[in-house]
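*Asks:* Encoded as structure tokens, here's the structure I'll be asking about.
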Protein chains: 4
Amino acid sequence: MSPATGRIPPDVASLADYERHALQRLDAARVAWLQGGAADGLTVQANQRAWQGLPLQPRVLRPLAHGHTRIERPGLRLPHPIMLAPVAYLRLVHPDGELATAMAAAAQGAGLVLSTQASVPMERVAELVLGEAERGPLWFQLYAMAQREHTLQLVQRAEAAGFEALVLTVDAPVQGARDAERRAGFRLPADVRAVNLQGLALPGMAAADAAAPGLAAGLCGGLLAHAPTWSDIAWLKAHTRLPLWLKGITHPLDAQQAQALGVDGLIVSNHGGRVLDTMPATAALLPAVRQAVGPEWPVLVDGGIRRGTDVLKALALGADAVLVGRPHVHALAVAGALGVAHAIRLLRDEFEIALALTGCATPAEVSSAVLSSAVLTSAERGG
Amino acid sequence: MSPATGRIPPDVASLADYERHALQRLDAARVAWLQGGAADGLTVQANQRAWQGLPLQPRVLRPLAHGHTRIERPGLRLPHPIMLAPVAYLRLVHPDGELATAMAAAAQGAGLVLSTQASVPMERVAELVLGEAERGPLWFQLYAMAQREHTLQLVQRAEAAGFEALVLTVDAPVQGARDAERRAGFRLPADVRAVNLQGLALPGMAAADAAAPGLAAGLCGGLLAHAPTWSDIAWLKAHTRLPLWLKGITHPLDAQQAQALGVDGLIVSNHGGRVLDTMPATAALLPAVRQAVGPEWPVLVDGGIRRGTDVLKALALGADAVLVGRPHVHALAVAGALGVAHAIRLLRDEFEIALALTGCATPAEVSSAVLSSAVLTSAERGG
Amino acid sequence: MSPATGRIPPDVASLADYERHALQRLDAARVAWLQGGAADGLTVQANQRAWQGLPLQPRVLRPLAHGHTRIERPGLRLPHPIMLAPVAYLRLVHPDGELATAMAAAAQGAGLVLSTQASVPMERVAELVLGEAERGPLWFQLYAMAQREHTLQLVQRAEAAGFEALVLTVDAPVQGARDAERRAGFRLPADVRAVNLQGLALPGMAAADAAAPGLAAGLCGGLLAHAPTWSDIAWLKAHTRLPLWLKGITHPLDAQQAQALGVDGLIVSNHGGRVLDTMPATAALLPAVRQAVGPEWPVLVDGGIRRGTDVLKALALGADAVLVGRPHVHALAVAGALGVAHAIRLLRDEFEIALALTGCATPAEVSSAVLSSAVLTSAERGG
Amino acid sequence: MSPATGRIPPDVASLADYERHALQRLDAARVAWLQGGAADGLTVQANQRAWQGLPLQPRVLRPLAHGHTRIERPGLRLPHPIMLAPVAYLRLVHPDGELATAMAAAAQGAGLVLSTQASVPMERVAELVLGEAERGPLWFQLYAMAQREHTLQLVQRAEAAGFEALVLTVDAPVQGARDAERRAGFRLPADVRAVNLQGLALPGMAAADAAAPGLAAGLCGGLLAHAPTWSDIAWLKAHTRLPLWLKGITHPLDAQQAQALGVDGLIVSNHGGRVLDTMPATAALLPAVRQAVGPEWPVLVDGGIRRGTDVLKALALGADAVLVGRPHVHALAVAGALGVAHAIRLLRDEFEIALALTGCATPAEVSSAVLSSAVLTSAERGG
């Protein structure tokens, strides 16, 4: 049995506490895999700091009765604006893996985006989640496969299992060269695999398992030739009855292109800083994307969300909801399903408090007015 | 007897020295309670850094004879512009608690705002203070109770005891979720209680004593329904003969609303960074509030004041006076009443020196001209 | 035999890893010589941080087939935009010295600029490189000698050996006073010498070997009298059939002067921060130089390039290619020729990935559009 | 005999090295006295960082023959633009005290401003200096005494001894409350005194020797009444035949007032950060002062000068020369007169190199054009 027996340590008061405990429990290679970002990890840091750096402006004595946290938009109905981002191979940190995470998400009303590299069968996840009364939506994440028929097999399996939308990750035509993993010699153990991709092949996938220093010469050439393009989006849209979201859009023109092709929504993401280092924080990228697609089209954001105040700020900058990635893995590693449920609850409670303190009774009342325009002096930013 | 026997350590030269000594003497849970801010403590840091970051511009060789430190405005007469902010449960750090603090404040001419959660009866504080010749004003801080009759009981008791104004804290409709306290497992000891609130109930007050991880689900819902609104201010104003100040106003529109309702003055405050993290520093919030209410209406400020130069800068940005919170608790913990008196004296002396060095003979001569417009180069702000 | 036996440590995933290993293997004096910058090393730090601080803007789903990394401009044809900058005395870190570096560069298609202070004969380097099929260009770096006939001897020898361009370093009329070297008491060992300068004299060259504290009084006076001027450039241009590049140009007017004199290209450089401390990073200096000389004239840049993203950003700011200095010495110290080849390969692979992720199939597609205009919040820049 | 026997440690390559050695040799109380600034020492840090943060722009290949470092202006002729600032009680760090410093200054052509609180008789200093052929000017610093006849006694003694100008310090009507000294319990030893002030009294002087926590209540009141005003300047100007400089002017209007009263020059200074903390760096204050008094009137600057590049930048911002304070005390503590001479030489050599590398043959060629306008990216300033 795993040491993660489902007990919540008594000193856990925030997501950062789960991270601290998780880093103590996981071995160095798993830590490198989970925490590492591309190259020097600058974008990983930027993501969190960007939310922290946005100042909030409270309002006092406003009527808050009849408040709630629901998101109710065409194409997106959520009990609260917190969803779980896709993370591969969750059995690396807990024997129950994605099953524990899915149970916790359903119990806490959090939407779940299952990774295409999940370490349990997608059908088992769907069975667990779909019967829950208070659950959030259940979506399936995928990459464009090297061969379209492989993509189609995945899509049809997800449709049959009951997934409610597809999330195509488009920001990683190549596997990011994550130095931390390579330094730590990270390799998947024999009993943890991307079970839903058996017999299929991702472009450049081999690189993920390669611990050899340097990338093989052929990889880059091959990659340039096989990366998906906008025509693959149109094709995929035509071959599924599910709503299609794109994950990893950050340029306003790319957002408009997606909208024009009938995509159903998008996720502003820099892949948690794991793909291209020195990308801006998603908080810095979000406003221009929202501006480009208009106020009605669904836009989510992930990257660096660690506090309820971060969730509030994401809404203030134009997101309809947020996804959290590494934090749910930290909680899973520490206390299994109970930990994940608790982590979601902590974040949601913090969000409710932030909502109330900025004078908003519901998410629909959140606007850029909750952000302060008070000019901070230079020294506040210094050391 | 407490180890805080009233001896001032020989190496105390500033408020920071009292803080250093206090942190050595208090146990970890009390330190978490006293020092902790909301969430990641970013606003706590911002408060101090903001004052430090405002550059001062000296003037030389100006006539300084006949200078003084008095504040003389309609509705606010003070021997000097330093008051003590309300802090709960002072018997946590010294057996004499608020009695020691009140004696010291009265002896040093510092106004005192007694916390509604004081750990000694408010009447005993009033008795000690009101007879002192050189004292500053004596005010009583309170929250809107869950039931108006409870609020009224408190108000009438304060009036009867001789308090000279009411300070209603409006920035905390919920108890802030202070992670540091929760991590440290802080609980009030049996012999320290909010003796003036016996039989009364604050909204959300239970949460303050809850060490369990996470907030109870019912708290947030309940809170949204019971938080006070502007109509409670009008009601309170109509039910007391005392001047009414609001503490925790930071938005210019809220300030104007308060002014329109006949409130007598306000305190720009972010509750020492203890309620909503990532709020701007009060130094950044103060100018817009002063601008909104005009030059004549009384405006105080607290948050991060640690130096006489900070006091001077607060006046330069539009405050009539300042309140200090944690510093008087540090001094109380270290040396009891003598420590508090000494701390006030240190701050006042520093203020006088700063006044003289910027060429001002009195507080009334302080304006934004004491702040330098010299452009600092980028590297001064870097590391 | 040296401990640098050509084995690549298994945990090397980036140039920073080579640096880490090299610092462990070299003695303190060699570390001071290699790593040290002028004075307080502020420009050394600024160089790296400047590239890191430029944010990249990805594009997705664009056609990347038929991509390549070639640079094809009049006067500059390269397999990829990475060249090796001249560094003196490479036998200080590996017995094979410049011969190992030259073999690695030729094998990996990296252009090589041999230092005039190379510790092996220039002819042996040329023999090794010129026969390689996939090699980049081979250039010879020199300083203006105290006597023109000495300069001419060097030039004619380089021409005879087959070097394809001359690179005159103009930013160091004096030897920088590198405090770190002086503190560490760095001296050249007896068996490492500038073998190509036997019998010639550089202006101020003696200072480089002087470990005495302080510079000799006569140095500065002498230096001011003997430093080269623009007339020496015209003279040199008239006395060689090779293309002439100037290295160390940072002012737009100096760039235009060089262009007007018929110089063939220039290298924006602050000498790796080794000459004048508090110069801006080369990333900050490059755009104005490119602006001054127009889009067609060859401009290279060095200083702080450590990542493929840095190479991409240099191109985005107007460079045709980059040079790396210290990194190839780190790799040489750790693993000889194999290390240098591997380091070049790592950097090139990173560059290809960055190219693809920003939606560019070739270097010619890179423009300032790959740099993000997303406004980062103040806190991202803070600590 | 003192351990400072006049040997220069072999690893001294810059003023920072003297500082490092001095901090190791002096006891904690002397370190607190020498290094300490007012309050939190923010201005002490700002001074050095401001110079470092100004970026330099090199020029190449310009004619540098016949260069020199002389300053030749009406009212100010110097061999080079480096002078020694007044520092009190130099016998605290070396038995020869001001005599050693004066010999070194004279030998290295550095102007000397002797402190009124010197620990040796002013006449002995004058005797040592005035006979040196290559010396810089010899000035005497003083404060306005509590009684004008005391001031006059000092002035007449300085005139008689041969001092060539008076420097009246005007930025310290009170002794700064230097917390570090008070914490360390600094007291003057019995054998180190302000021998030139025997029988005279400075306003507030007692405070400098008071180690008691807190300032005496009477100090501030007394100070306000006795601080000098502009009428004292006019009086002093009328009672001496020597040129009169004011030290500690930072406001443009104060500078113009001084000019209008016939003062002969001024020193932009924040007293090394020792008087009013959070004043801007002198580098930030200098340009507005120069602007206010026009290009011809003599203006010096001190505060944070540690490098030859700092000297160059001060000239670029409008200063005619600079003064260094703590650095000459560090060198004195480490190696006596020889150390001070060496420190001056190091700084002068660095200045000459900086002059040459920015393409200037003489100080008169220095202008704001040596400062770079290259825009640094945000990350260069971050951590």
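Think of each number as a place in line: the chain as shown, counted from 1.
Cβ coordinates are placed from backbone N, Cα and C, and glycine is handled just like the others.
Quick paste of what TrEMBL says about this protein:
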DOMAIN    C:7-376  domain 'FMN hydroxy acid dehydrogenase'
BINDING   C:86-88, C:SER115, C:GLN141, C:THR169, C:LYS247, C:SER269, C:302-306, C:325-326  FMN binding site
BINDING   C:TYR143, C:ARG178, C:HIS271, C:ARG274  glyoxylate binding site
ACT_SITE  C:HIS271  active site, proton acceptor
*Asks:* Under a three-state reading of DSSP, tell me whether C:ARG274 (glyoxylate binding site) is helix, strand or coil.
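*Replies:* Going by the DSSP assignment, C:ARG274 (glyoxylate binding site) belongs to neither helix nor strand, so it counts as coil.
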*Asks:* Once the chains shown are all counted, how many other Cβ atoms turn up within 10 Å of the Cβ of C:ASP302 (FMN binding site)?
*Replies:* 27
*Asks:* Looking only at DSSP and grouping its letters into three states, which state does C:PRO86 (FMN binding site) belong to?
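*Replies:* The residue in question, C:PRO86 (FMN binding site), is coil (DSSP, three-state).
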*Asks:* Please report the number of other Cβ atoms within 10 Å of the Cβ of C:ARG178 (glyoxylate binding site).
*Replies:* 23
*Asks:* Expressed to the nearest Å, what is the distance separating C:ARG326 (FMN binding site) and C:HIS271 (glyoxylate binding site) at their Cα atoms?
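*Replies:* C:ARG326 (FMN binding site) to C:HIS271 (glyoxylate binding site), Cα-Cα distance: 11 Å.
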*Asks:* Please state how far apart, in Å and to a whole number, the two most distant Cα atoms are among C:TYR143, C:ARG178, C:HIS271, C:ARG274, the recorded glyoxylate-binding residues.
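*Replies:* It comes out at 19 Å between the most distant Cα atoms.
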*Asks:* Tell me which of the binding-site residues C:ARG178, C:HIS271, C:ARG274 ends up closest to C:GLN141 (FMN binding site) in space, Cα to Cα.
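*Replies:* Among C:ARG178, C:HIS271, C:ARG274, C:HIS271.
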*Asks:* Let's check the environment of C:PRO86 (FMN binding site): how many other CB atoms sit within 10 Å of its CB?
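*Replies:* So the Cβ neighbour count for C:PRO86 (FMN binding site) comes to 24.
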*Asks:* Give me the count of other Cβ atoms within 10 A of the Cβ belonging to C:ARG326 (FMN binding site).
*Replies:* 22
*Asks:* Name the secondary structure element type, per DSSP in three states, that contains C:LYS247 (FMN binding site).
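*Replies:* It is in a strand.
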*Asks:* Using CB atoms and a 10 A radius, I'd like the single residue among the binding-site residues C:ALA88, C:GLN141, C:ARG274, C:GLY304, C:ARG306 with the highest neighbour count.
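*Replies:* Its Cβ has the most other Cβ atoms within 10 Å: C:GLY304.
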*Asks:* Where does C:ARG178 (glyoxylate binding site) sit by DSSP, helix, strand or coil?
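*Replies:* The three-state answer is coil.
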*Asks:* Relative to the Cα of C:TYR143 (glyoxylate binding site), which of the binding-site residues C:ALA88, C:LYS247, C:ASP302, C:GLY304, C:ARG306 has the closest Cα?
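*Replies:* If we rank C:ALA88, C:LYS247, C:ASP302, C:GLY304, C:ARG306 by Cα distance to C:TYR143 (glyoxylate binding site), first place goes to C:LYS247.
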*Asks:* Select the closest residue to C:LYS247 (FMN binding site) from the following binding-site residues, measuring between CA atoms: C:ARG178, C:HIS271, C:ARG274.
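*Replies:* Considering only the listed binding-site residues, the nearest one is C:HIS271.
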*Asks:* Considering Cα atoms only, can you say which of C:ARG178, C:HIS271, C:ARG274 is the nearest neighbour of C:PRO86 (FMN binding site) among these binding-site residues?
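*Replies:* Result: the closest of the binding-site residues to C:PRO86 (FMN binding site) is C:HIS271.
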*Asks:* Check the Cα distances from C:HIS271 (glyoxylate binding site) to each of the binding-site residues C:ALA88, C:ASP302, C:ARG306 and keep only the ones within 10 Å.
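*Replies:* Correct set: C:ASP302.
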*Asks:* Can you grab the distance from C:ARG306 (FMN binding site) over to C:ARG178 (glyoxylate binding site)? Cα atoms, rounded to a whole Å.
*Replies:* 22
